[in-house]
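Novice: Marked as active site, proton acceptor by TrEMBL: 35, 256. Marked as substrate binding site by TrEMBL: 130, 304. What TrEMBL records for 235-368 is domain 'Alanine racemase C-terminal'. Residues or ranges marked as N6-(pyridoxal phosphate)lysine by TrEMBL: 35.
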Ligand SMILES: *Cc1c(COP(=O)(O)O)cnc(C)c1O
């Protein structure tokens, strides 16, 4: 038998979260961002739940091909555009829309032989300082693109650095609006955080929003707000079972490094999940976990194949627990209890995005 660990992708939850995005931006189209293999869910596994989107956006050309192979005939956007000239051939063949963020990409387009003019999204660096033309250089880039026979429609794109936090988006909005005010074409600005927090402004909504993390059921601004606050449902459950139970006495330690010391009698369970499955090794004692759907805590260090959990809350409630009991690392337990990935990511000093993407290859995944 394989180890008891498995992940479940919840199709209905993906659908629900997409509808939640639509409620925030009823007059905008929605890109479902499926980069990093649909945030670790698997593009093919997430497709059914997300096919109600208006388009799919990703980074990798191979992922764009996979979406076409699933039968998707609608818009696909490459968020970083092409990486080398021959990528444009695939864009022509598969009808991929692509970002243009630098002069080299315009050079490649100018040299590209195609019967099908491309739709491009001209990216502005409005303050993030990763990709895009600065506001000062934006208009010249637009004029160059606009003169190319290889280009038919030009849309406008930027990306926010602080849509989830106190700095906000006003400075970037001002830069973007000023440089694009009189240019004709569709606009896309908002990631998940901007879509949920700033979309009362029509200019922020634009024509398309780019929804990533929100589709996968996590709050883009945790811990200020929770997934529950935003009405999001978990789309991935990581669950396993107890392999063993140990009775500790005062002074006994647990696991590598002995960094947890029992201060009195304590019953712990050993669960079949570790950092080799993508569970973060940085999760400290106290990180929440569900056993039989009851909230308890991790104790001791995470190992490659095992974690140890405190069974006190179950024993106090007089519940049966032991070998084979259900352990939910994140997602939804059999009794309906939810533990969000945000709640596990935060004590590990990271974010839900990283945990989902890091789900290990060895974990079997089913779709429901
Ligand atoms: C990843 C990404 C998004 C989605 O971000 P979320 O915070 O997950 O919603 C949107 N736009 C671009 C350009 C991205 O790279």
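Including glycine, each Cβ sits where the backbone N, Cα and C put it.
Note that the structure is a prediction, hence the values are computed from the model and not measured.
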Novice: Mind giving me a neighbour count for residue 256 (active site, proton acceptor)? Other Cβ atoms within 10 Å of its Cβ, every protein chain shown.
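Specialist: I get 11 for this one.
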Novice: What is the number of residues in the domain 'Alanine racemase C-terminal' (235-368) that are helix, strand and coil, as DSSP sees it?
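Specialist: Summed over the domain 'Alanine racemase C-terminal' (235-368), the classes give 22 helix, 48 strand, 64 coil.
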Novice: What does the structure give for the C-alpha distance between residue 35 (active site, proton acceptor) and residue 130 (substrate binding site)? Integer Å is fine.
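Specialist: Answer for this pair: 17 Å between alpha carbons.
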Novice: Pick the one among the recorded positions 35, 130 whose Cβ has the fewest other Cβ atoms within 10 Å in this structure.
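Specialist: Sparsest of the recorded positions 35, 130 by Cβ contacts within 10 Å: 130.
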